[in-house]
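Down below is the structure, laid out as structure tokens.
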Amino acid sequence: MKTAKIYQYQLPMDSGVILREQRLQQRDGLVIELSDGIHTARGEVAPLPEFSQETLEQAREDLISLTQSWLNNEELDLDSNCPSVAFGFSMALLELEKQLPQEGNYQAAPLCSGDPDDLVVKLNEMSGKKIAKIKVGLYEPIRDGMVVNMFLELISDLSLRLDANRGWTAKKAEQFANYVHPQFRSRIEFLEEPCATPEESLAFSKATDIAIAWDETVRDDGFTVKTQEGVTAIVIKPTLVGSVEKCISLIEQAHQLGMQAVISSSIESSLALTQLARLAAWKTPETIPGLDTIDLFKMQLDTSWPNCDLPVAQLADLEAIWEN
């Protein structure tokens, strides 16, 4: 017999986590637990403030309605629900049907969100290919350019992924590029969405020979993966995109065109983060995913991230907010 439970969690965050204009002091989310009478599986529904189109309250309503439909054996159209619900529920179904391989790719590209010295330490500990991610667009573009140039000059086998979150005008993007030496630009694996519009970002890439990737653009209505000069990758954040099936379709479209598809975190808890690592190992085995976000938390949830010493909150200790 089918049964389901929905839990709500609150996890404390590191004090330095800032999303656009908002400091994220705690991460709020939902966990859907599905059982078919034999097996039990879980998925996480955690809209990201400032980035998700839906609120947690809207996601909760959507999730309850979808869960009821599943219990009633109705046909499900997962992506007619808000993206975080479509992702979390589809992941729970995938787990329930034993279709998500256990092996994960936990070699996350380290994220520099503050002190550059911290990134140097992480990179020195890395074995194999050195790839790191730096958030740009939070400070003056000239400073960003100097920091990027410094890393590329300092570590000769380093490749960087940069993320501007559409934060620059065309002029500011140009200022950034002026401070990155042309000989180093090929080691920028890609710069996610440098400018406010895709058109400006494409023009920036053409003028600077700096490769770009689509992130926010992937979530625009009607987006399809296509060959465009300068675009070498798409970044897929499943919590913001939708069902696992939709994400896999985007991955396959990118691979068919010779582009990278990078599975990336939306600051989910360790429960969903480990599932994303498994999805990455399964569908993007040649690409290091963008999942270096566990250190932004003060606590894990249900499933521990490998080699992470943070305490783990158990779902069993949380009260179910809905069950049937």
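Here the Cβ of each residue, glycine as well, is placed from N, Cα and C on the backbone.
The structure displayed is predicted, hence computed values, not measured ones.
Residue density at Lys135 (active site, proton donor): 18 other Cβ atoms are found within 10 A of its Cβ, drawing on all protein chains shown. Taken from Swiss-Prot, the feature active site, proton donor covers Lys135.
In the structure as shown, the Cβ atom of Asp215 (Mg(2+) binding site) sits within 10 Å of 23 other Cβ atoms. The Mg(2+) binding site annotation in Swiss-Prot covers Asp163, Glu192, Asp215.
The feature active site, proton acceptor is assigned by Swiss-Prot to Lys237, with sequence analysis given as support. Close to Lys237 (active site, proton acceptor) in the fold, though at least 6 residues off in sequence, lie Asp215, Ser264, Ser265, Ser266, each with a CB less than 8 Å from its CB.
Non-local contacts of Asp163 (Mg(2+) binding site) by the CB criterion (under 8 A, 6+ apart in sequence, same chain) comprise Lys133, Ile134, Lys135, Val136, Gly137, Leu191, Glu192, Glu193, Asp215.
For Glu192 (Mg(2+) binding site), other Cβ atoms within 10 Å of its Cβ number 27.
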